[in-house]
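Trainee: I have a structure I would like to understand better, so I am pasting it below and will then ask my questions one at a time.
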Amino acid sequence: MTAPNIEMIASSLRNCSLNGGGGGGGGRRRGRRAAAAEGSDDSEGVTVELNSEVALPYHWEQCLDIRTGQVYYINWEDGTRTTIDPRSSSAYSPSPASRSASSSSRRCSRARGRGGGGGAAAAASTTTSSGYTSVSSVGAVTAAAAAWRSHDSSGHGYGYGSYGYGYGYDGRDGDDEESSSSSSSSSSSSSASSSRGSAVSSTLSSFSPTDESASGAGSGYAVGDNGAHVLVAAGCRACFMYFMVPKTADVCPKCGSSGLLHLSRNGYV
């Protein structure tokens, strides 16, 4: 039995193809390579100039249409779309003044919308024929902003002045609210005290001007000329309140009920 020829087997394996004969498979591969080379030849020489070394204005955006390969630009301030590069336009000069002008024009338009500083805002900005806004007076813009802030503080109050909390930019609203609340509380207290009437007046009648002046001196005692009146702490059984009353008083100065419990160091007296 003769041994197999290894070289013949190796050559047959090299020419073998799973898609058919060896020659046919190699031809198809060569055809695909040729088509790819032709496609690459067609795309060669097609370039798109992006001008990346010069920055676009901040409200412009550069876009590329994938289907047509065309570069276009969108102005997000007014929504316009154009194929003209705004950097190559003679009307545009890439300086900070144009950006400040646009921001100033937006502030002025907001001020006109709120009703404050309309004339100053109109004098503050001018529009050129190319559509860009330039600032003619910085002081006018400042005046418009001040008028806008004053309109907000007086008309809206940021949730303080208009609701009467007393903490807003205009403190008069809070003062009016406090005065109205104090007047209402005083009227209610006067009506309540008139109902108690005679009992409270009889209790307070025991004080004299000399007693009040002596107690205001901080001595703790309402001492008259003869030292007969002494202030003590007393508790009311009805309203559960403690008061400083004369030692001889037996009526609550708040509710008018009798039977005050006078307190001393050792307890009740």
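Each Cβ is built from the backbone N, Cα and C atoms, and glycine gets one as well.
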Trainee: Looking at 47-52, 161-166, 245-250, 257-262, which one does Swiss-Prot call motif 'EAR'?
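Mentor: Going through 47-52, 161-166, 245-250, 257-262 one by one, Swiss-Prot gives motif 'EAR' for 47-52.
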Trainee: If we skip the immediate neighbours and take only residues 6+ beyond the ends of the motif 'EAR' (47-52), which ones have a Cβ under 8 Å from one of its Cβ atoms?
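Mentor: 62, 64, 69, 71, 85, 87-88.
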Trainee: Count the residues of the motif 'EAR' (47-52) that DSSP assigns to helix (H, G, I), to strand (E, B) and to coil, and report the three numbers in that order.
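Mentor: Helix/strand/coil tally for the motif 'EAR' (47-52): 0 helix, 0 strand, 6 coil.
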